[in-house]
Each structure stands twice: as C-alpha cells, then as structure tokens.
Amino acid sequence: MKMTCEKSSIWNRLASLRKAIVLMVVICILHSLTTTQASRHKGPSHHHVKTPKPTIYLNEFAVDVPGGIMVANAVAKRYGFINTGPVEELEDWYIFTNRRLRKRSVEFGNRQNYNIKLLKGAKEVLYVERLQKLYRVKRDAVPIPNRSPNDPSWNDMWYMHCGEGNSSVCPCSMRVLDAWRAGYTGKGVVTTILDDGIEKNHPDLVPNYDPLASRDINDGDNDPTPRYDPLNENKHGTRCAGVVAAVQDNYICSVGIAYGSKIGGVRMLDGEVTDRVEARSLNFALDHIDIYSASWGPDDDGTTVEGPGLLAKAAFKNGARRGRRGRGAVYIWASGNGGHNKDSCSCDGYINSIYTIGISSVSQYGYRPWYLEGCASTLATTYSSGDVFEGKVITTDLRSTCTHQHTGTSASAPMAAGVVALMLQANTNLTWRDVQHIIVRTSNSRGLHAPDWVVNGAGYNVSHVFGFGLLDAAALTHVAKSWVEVPAQRECVNPPQRLNNEEISFHRFVTVSMDTRACFRQPNEIAYLEHVILRVTLTHPRRGDLQIFLQSPSGTVSNILERRDFDRSKIGFREWEFMTTHHWGENPMGVWELEIRDHPKSLRHRDASRRGMLQQWQLIFFGTKTHPQPDFNYSNCEAFPQDHCHPECDGCCGATSRDCTRCRHVRTVHGECIASCATRQYIEPSNNMCKHCWRSCLTCNDGSPHNCTSCHPGYAIVNGACVKTCSPGYFLEASTQNCMICDELCKTCQHRSSRCTSCRPGFVFESGNCRPSCPTGTYLVSISAGCRVCNQSCKRCIGSPNRCTACAGNYVLFRERCTQACPDRYFPDFHRRTCRRCHSSCRQCNGPRRGECTMCHGSRQLSMGQCLDVCRDDYNVDIMNNPCMLVLRLQWCHMPIFSSACCHTCESFRIFTESSGDLLYEGDFDSTSSGNETISNSTSSASNTTNTPN
C-alpha cells in the first residue's frame with residue numbers, strides 16, 4: 001500500500017511538471033503572437049530579416065461536399081467530425097470540427113491524424129482545407145514626417161482640383177467634379193469597407209451610413225464600430241469610408257468621391273482572420289452591397305507569397321456570379337505598400353484574382369510613390385500620398401475627428417470605389433466585367449511618369465506601375481451611361497507544358513514557348529483577351545533572384561515578376577497563379593514566350609551548388625470570341641458651349657480634343673480627335689477610329705493578322721499575314737521578301753523552289769532532290785495520276801516509260817535508254833549495267849584501256865589489242881638523216897600532218913617520258929578504269945591528236 005502511494009505521488013509530480021512545461025510553451029506562443037499583433041501596423045524596418053510568424057492551425061475544416069447538408073452530416077459522422085453548418089453564401093461548403101484536435105495548434109502543420117486522411121479520401125468530398133490563422137496587414141504607407149498644412153477644408157483636397165488651372169499642383173485630373181456637374185454623386189449605390197470596422201456615428205458619415213451593409217464578423221454582431229485603444233490602432237476602416245462617402249456641405253472634415261452613396265463596414269481584421277472569415281466578408285449581403293473595398297492583404301515584407309484560400313477563392317467567384325442580383329459584385333483592392341521592401345504585388349493572390357480591380361497610387365506630381373508595388377495585374381490608378389512635400393488624402397478619422405494624413409494604396413482603393421459608385425449610378429446594369437472594360441478604355445496615362453508605358457497589341461496604353469492609367473470619373477460615367485453589356489466570359493485552358501527540369505542558373509535566360517490555337521473552333525474559343533493567368537511550378541535556391549516575363553503573339557511583354565531582394569525562400573513556386581491585364585483586347589492565338597532570368601543582386605546568400613528548375617507552366621485565357629463593344633463611342637454630350645470646342649471637334653462636351661462628341665477627321669482608341677492616324681494604324685470605317693495594325697504589319701486594312709497590306713523588313717505576306725517564315729510549301733524569296741511556292745515535288749523548300757528540304761507523299765528525299773517512291777518497274781506520272789509501268793527493258797524509269805534510270809535483265813543503260821548492244825566507241829559494262837567509253841584509239845573494244853581494242857578507226861592497224869598508226873619514219877635518231885627529230889624538237893607532234901608521218905619518233909619520245917601504265921586518253925570518262933595513271937599536259941595533248949581517227 002505504501003509503495004502504491006509513493007508511485008501515485010511520483011506520477012502526480014510528473015503530471016504537474018508536464019502541465020507546467022505546456023503552460024510555459026503556451027505563454028511563449030501567446031507572447032510571440034501579442035508582439036506580432038502589436039507591431040504589425042508599424043513601419044517596416046529596412047534591411048533586416050523578419051522573424052517568421054508561427055502558423056496557427058484551428059480545429060476547423062472547410063469541406064466541399066456536393067449533395068446537400070444531409071450528405072455532409074453523414075460524412076462528418078462517419079469520420080468522427082461534427083458538421084457545424086454551411087459557409088454563408090457558398091453552396092456545398094461546410095465547416096467540420098473534430099473533438100480530438102486542439103482548438104489552436106502549432107504542431108499539426110505537416111501532420112495529419114487518421115481521421116483527416118480518411119476524410120480527404122472520402123468519395124463524397126471534393127476538397128478539404130484546414131483553416132489557419134491568417135496575417136493580414138492594412139495598407140497604410142509607413143508614416144513619414146508631415147510638412148503639409150493641417151487645415152481641414154475643401155481647398156486642401158488637391159486631388160479633387162487637378163486640371164482646373166492647377167497643372168502645377170497635379171498633372172492630370174480624375175474629373176470627379178465634371179461627373180458631379182453631370183449629376184452623378186453615387187446615389188443609390190452601396191459600398192462597404194472590409195477592414196477593422198468603421199465609426200458609424202462619425203458626423204461626416206452618419207447621413208450616409210447603411211446598417212444593412214455592415215457587420216462585425218469578428219464578434220458576430222451587426223455593429224461595425226471599431227475597438228478603441230489609446231493608439232487609435234483601428235482607424236483604418238473609418239478613414240477609407242470617408243474617402244468614399246463623407247457627406248458634402250455639412251462644414252465637417254472632407255467630401256467623399258461619391259458623397260451621395262451609402263457606406264457600410266465589415267469588421268473582420270480586428271481579430272482572428274481565417275479563410276472562413278474572409279469568405280464570409282466577401283459574400284456578406286451580396287444582393288444589397290454593390291462595391292467591396294479592401295485596403296489590406298498578405299504582409300508586404302518582400303518575402304511573402306500568399307493569396308486567398310479555397311473558401312475566399314470560392315467567395316470571389318460566387319460574388320461575381322450572384323452579387324448585385326446576378327450582375328456581379330465589384331471588388332476593389334489596394335495593390336500594396338511593400339515598395340520599400342522591393343515587394344511585388346504579383347506575389348499577392350488577391351491582386352492576381354480576375355475578380356478584383358487592382359488599384360495603384362500616383363503622387364501629387366505624377367510620380368511613383370516610394371511605397372508602391374508594381375505588377376502586371378494592376379488595372380488602374382488614383383491619387384494618394386508621395387514624398388514628404390507632396391499632398392496626402394483628407395478624410396474622416398476615429399473619435400469624430402478629421403485627418404490630412406491618410407496615405408498609401410489604402411487611400412487609393414476607396415477613392416477608386418467612390419469613382420466606381422459614380423459609374424454604377426450612371427448605369428446600374430453594368431456587370432463586374434463591364435466595369436473593368438470601361439476602366440481599360442477610359443483611364444488616362446497623361447502626366448503619369450513611368451518608364452515602362454507601352455501600347456499593347458490592341459492599342460491600349462499600359463504600365464506595370466499605373467495599370468491603364470488614372471481613373472477618369474467624367475469619362476467613366478459618360479461611357480457607362482450608354483454601355484452595352486459585353487458578351488459572356490469564356491475561359492480557355494491550355495494544356496500544361498511539362499518540362500524535363502529546364503535549368504535556371506546564374507545570369508542565364510531560360511526561354512520556353514507555347515504555340516496555342518486559343519481553343520479555336522471550340523465552344524470556349526477566345527479572340528479578344530481580358531485576363532491571362534500564368535500558372536508556374538519551379539524550384540530555386542533563392543526565389544527573390546528570379547525575374548519572369550511573358551510575351552504574347554502581338555509582342556506585348558508582361559513583367560510577371562520583378563526581383564525581390566529580401567525573399568530568400570528556397571521553396572520556389574508551386575502552381576502559383578500570376579495574372580496579367582497587359583494583353584487586354586489582343587488575340588491570343590499564336591506563340592507565347594515565357595522567359596525566366598536568374599539575376600541575383602549578390603551571391604552571398606546563395607548555395608552555389610543548387611540550381612533552379614522550371615518544371616511546368618500553363619496559360620489560361622479569359623475573354624470573348626466576339627468584339628466586346630463593336631459600336632463603342634467615347635463621347636455623346638452637348639452641354640458644353642459649342643463655340644469653345646477644340647478645332648478637331650465637330651461638337652463637344654469639353655474644351656479638349658478628348659471631349660468631342662464627333663470628330664472632324666479621325667478618333668484614337670482613347671477618344672481623342674486628331675487630324676490623321678499615326679503610322680501602323682488604320683481607320684476603322686464603322687466609327688472612324690484609328691486602330692493599331694497587327695504587330696507585324698507596316699500598313700493594313702484592319703487589325704486582324706490576315707489583312708496586312710505591307711510588312712516590316714524581314715516579313716513577308718502570306719494570305720494577307722506578315723510572317724517571318726513562310727508556310728509549308730513556300731519559301732521566302734530574298735530580293736522581294738515574298739513567299740513563293742515550292743516545286744510540286746517539294747513539301748518544303750529553301751532559298752529556291754527546286755531546293756527541297758522535304759518531299760510530298762510519293763517521293764523520297766535524296767541529296768537535295770525528291771525522287772519518286774513508286775514500286776520497281778513503275779514511274780510517277782503526276783501526283784494525281786499516280787504510278788505507271790516502265791518499258792520492259794527498264795528496271796526503273798522517271799518521267800516517261802522509256803526514260804530509264806536502271807536496266808533489267810541483260811540490258812545496259814546508254815543515255816537513259818536500255819540496250820543489249822552498245823554503239824561504236826562504247827562497250828557494255830555488265831557489272832555497272834551501263835555502256836562505257838572505249839579508249840580513244842579504239843572504234844570498238846571490250847574494256848576502257850588502250851590494249852583492249854577489238855576494232856580500229858580508219859587506217860590504223862590492230863596489233864595485240866592496240867590500234868597503231870602505219871608509220872612513215874624509222875628509229876634513226878640523226879637529225880640530219882631523220883627530219884622527224886626536228887619535228888620532235890620543235891614540239892610539232894601534236895600537229896596531224898607531222899604526227900602521222902613521224903609516228904615512230906613521236907611515239908618513242910612519249911614512251912620514254914611517260915610513267916609506266918596505260919595512258920588515259922581524253923574522252924574516257926571512267927576515272928576508275930586505271931588504278932595508277934598519270935597525264936602530262938603536253939603529251940596528253942599530243943597523244944589525243946595522234947589518235948584522232950582519220
């Protein structure tokens with residue numbers, strides 16, 4: 001009994017010790033979380049590596065179970081889970097919990113218990129995602145010293161007065177006042193701010209506050225009032241709300257862009273943020289709220305690569321499908337403030353979503369702010385803060401106050417939301433895609449300083465810094481008023497390109513290409529692009545050293561990923577989806593090129609033994625088959641005094657060439673009237689608009705790739721298209737740069753029509769020529785007529801039955817004919833099956849040598865196989881007594897009159913000077929007839945003359 005008590009005591013002490021250890025671990029974790037939460041809104045320090053945030057997993061699982069709640073309940077019960085209910089507004093999504101798991105856990109990051117594995121393998125389940133705590137950062141710019149006046153008046157709102165004789169204050173106007181003058185204030189439109197709550201009792205917000213557009217997701221009630229603390233940490237949402245809908249003419253603070261609209265707030269950032277919290281916020285009151293404005297996202301620290309989870313992705317798609325009674329909710333998103341950390345919004349999955357409108361910032365003087373992140377998914381820009389001497393945004397603040405210090409892309413996103421509210425008042429039937437189309441067509445690039453402005457293949461000016469330009473409220477409302485809904489969206493998914501580990505190494509460009517038909521002649525065919533998604537899987541020892549570029553068939557280059565100096569991750573990208581809007585309006589058919597550069601700033605943090613590998617990439621196109629707005633007309637107002645119109649206007653609604661209702665001559669795609677189209681443009685007859693020719697055309701009749709009328713040097717016209725290489729069956733003629741047809745035997749050719757590089761069916765390629773591949777004893781009459789039988793003497797023939805190339809049986813070939821007997825001067829070579837030349841001294845022979853004659857010419861006599869002349873001299877070598885020696889000395893032996901008379905003397909000299917072996921006479925074309933033969937120029941000439949037949 002005593003021993004039992006002692007054991008019991010030991011076990012109790014061990015249990016107490018274990019509890020103490022667990023308690024200490026929990027305290028450390030909570031302290032770390034508290035420190036992270038307290039410091040998450042402070043300015044990021046420069047040039048240091050942040051401590052990684054712990055991943056906190058919750059006892060909640062998002063489960064996609066089609067079939068209804070009864071099926072979901074059965075699945076949950078079968079595998080030891082509890083179905084707590086559906087996810088709001090998302091069909092077939094449910095939240096499961098498991099009593100055996102802790103409510104919050106660090107250690108289950110990579111481990112799964114048996115029940116979770118069974119749940120993922122259930123046949124009724126499509127997806128399972130374990131929810132975790134997400135870190136979301138409000139996108140205020142890092143505070144910098146304030147040197148601007150602190151007077152809360154209308155005149156201080158510089159961004160509202162640009163263009164009104166204040167070009168020195170700001171270079172380009174958003175023309176909000178012009179939209180107001182046209183009667184657009186946002187009336188009837190509802191916007192909600194997804195953030196840390198809004199102060200619903202603020203005197204500058206109360207008249208426009210909408211309780212139906214408000215919710216506290218964090219605490220589960222309908223009051224979005226932020227949590228107050230001494231530092232006013234939760235001011236963010238209230239500031240954003242004032243930019244959208246602060247009341248006009250109440251002598252308080254500022255005026256909102258859409259001061260006639262309604263404003264609500266969803267408090268969701270001031271607590272534990274999960275995928276479920278985000279999804280509930282994005283789908284809250286879909287039938288009531290028109291615009292959702294979000295100025296937050298993953299940490300802008302230059303190292304994070306993160307986006308929405310499965311539930312949030314489903315919520316975006318659901319909002320686009322069901323929001324605004326089927327027209328689609330409009331999601332406005334701040335592009336991010338990580339510029340000082342060399343961050344890129346291409347690593348932010350919220351900006352990369354096709355359902356969000358990514359909004360950038362421009363400073364008062366038209367420059368890129370120091371905090372701004374650039375990327376190819378940014379759609380447009382509004383004003384915000386810049387350097388210390390440039391203005392900031394004036395808006396409502398906590399505790400019924402006003403601030404002149406709202407900064408960063410956090411101010412730009414609600415400013416864009418206010419402008420979109422004006423649009424939706426002008427036309428409540430606009431879909432979420434209509435809104436994006438109108439923004440692309442009307443945004444203004446003038447006065448925005450960026451080095452990368454380019455005109456894409458559809459004629460739109462676009463930049464990675466500012467998207468398509470500054471929002472123009474007057475243009476947006478005017479175009480929206482008469483806008484016709486765009487055709488239904490199509491999605492074309494190209495097959496993934498799997499690579500055999502394409503190596504990415506120091507300062508090396510990896511280029512791969514994809515030739516796509518863009519789902520041509522399929523139900524999802526696309527001819528006019530909207531969004532392009534690039535899905536990439538690659539590994540790399542330091543992800544931040546990578547740069548990625550994507551070039552379309554039109555030649556437009558999207559800078560998909562810039563180098564991120566602080567990103568030292570060794571993970572790379574796994575099916576990460578980059579999105580670009582830079583190819584808007586282009587035809588996607590053709591060759592797309594992906595280029596990846598490994599461009600390290602330094603090798604100090606690199607493992608030199610490791611190399612990156614590109615494993616897979618895929619392109620997904622979104623757009624339409626038909627033109628989204630074929631009858632687009634930029635302006636149609638008559639309120640402006642017509643005697644003040646621009647000279648190029650034939651009626652106008654403003655003083656500039658962009659305010660014309662009709663043009664005297666032609667119009668640009670941005671609606672500006674000009675005297676004539678620029679080079680590489682054509683006039684579209686239906687609307688007298690200048691449109692860009694296809695990239696390879698120098699001049700054209702329309703913008704398609706098959707209506708070029710002339711080409712750039714190095715291109716040629718093939719069926720109306722300018723191509724660098726001609727189609728199969730044609731070759732590029734160098735002097736004219738035109739594609740000429742190949743010889744009828746050639747499938748492909750090069751440089752000239754007869755220089756085949758491959759052959760048509762029925763022919764085989766040999767030594768640069770195409771010969772028929774008909775059966776032995778037949779020849780090809782024509783490609784259509786086929787093969788016919790050769791003459792019986794021919795084994796093979798070409799072109800006609802008697803044009804032999806090889807002979808049958810005992811026949812030999814002589815000048816493309818097969819014969820059994822060769823003519824004079826030739827003998828039959830049955831080994832080679834041809835007639836060969838005799839020695840020149842022979843009339844007939846049985847071999848090519850001099851001593852193989854069987855019959856001689858004229859007076860020559862046959863002696864031991866040789867044909868010899870009848871000589872008139874003797875072998876006397878005395879010159880005086882033998883005149884032939886004089887002939888020999890004077891080298892007259894080549895003259896027939898002397899060679900016949902002095903044949904002994906001339907022949908004797910030839911024998912003495914000639915090397916051993918038979919002489920190969922001129923005319924014997926068989927180079928193999930003698931194994932060791934030498935020809936002397938002088939004696940050869942003489943011998944040939946001597947043996948000329950009489």
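In case you wondered, yes, glycine gets a Cβ from its N, Cα and C as well.
All protein chains included, D195 (active site, charge relay system) registers 31 other Cβ atoms within 10 Å of its own Cβ. The active site, charge relay system annotation in TrEMBL covers D195 (among others).
H236 (active site, charge relay system) carries a helical DSSP state (H, G or I). What TrEMBL records for H236 (among others) is active site, charge relay system.
DSSP classifies S410 (active site, charge relay system) as helix under the three-state reduction. What TrEMBL records for S410 (among others) is active site, charge relay system.
Annotated domain 'P/Homo B' per TrEMBL: 486-627, in sequence order. Broken down with DSSP, the domain 'P/Homo B' (486-627) shows 3 helix, 73 strand, 66 coil.
Taken from TrEMBL, the feature domain 'PLAC' applies to 867-910.
Annotation source TrEMBL lists region 'Disordered' at 928-950.
TrEMBL lists 932-950 with the feature compositional bias 'Low complexity'.
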- line: Excluding its own, the Cβ atoms lying within 10 Å of the Cβ of S410 (active site, charge relay system) add up to 30
- prompt: What's the CA to CA span in angstrom from S410 (active site, charge relay system) over to D195 (active site, charge relay system)?
  reply: 11
- prompt: About how far apart, in whole Å, are the alpha carbons (Cα) of D195 (active site, charge relay system) and H236 (active site, charge relay system)?
  reply: 7
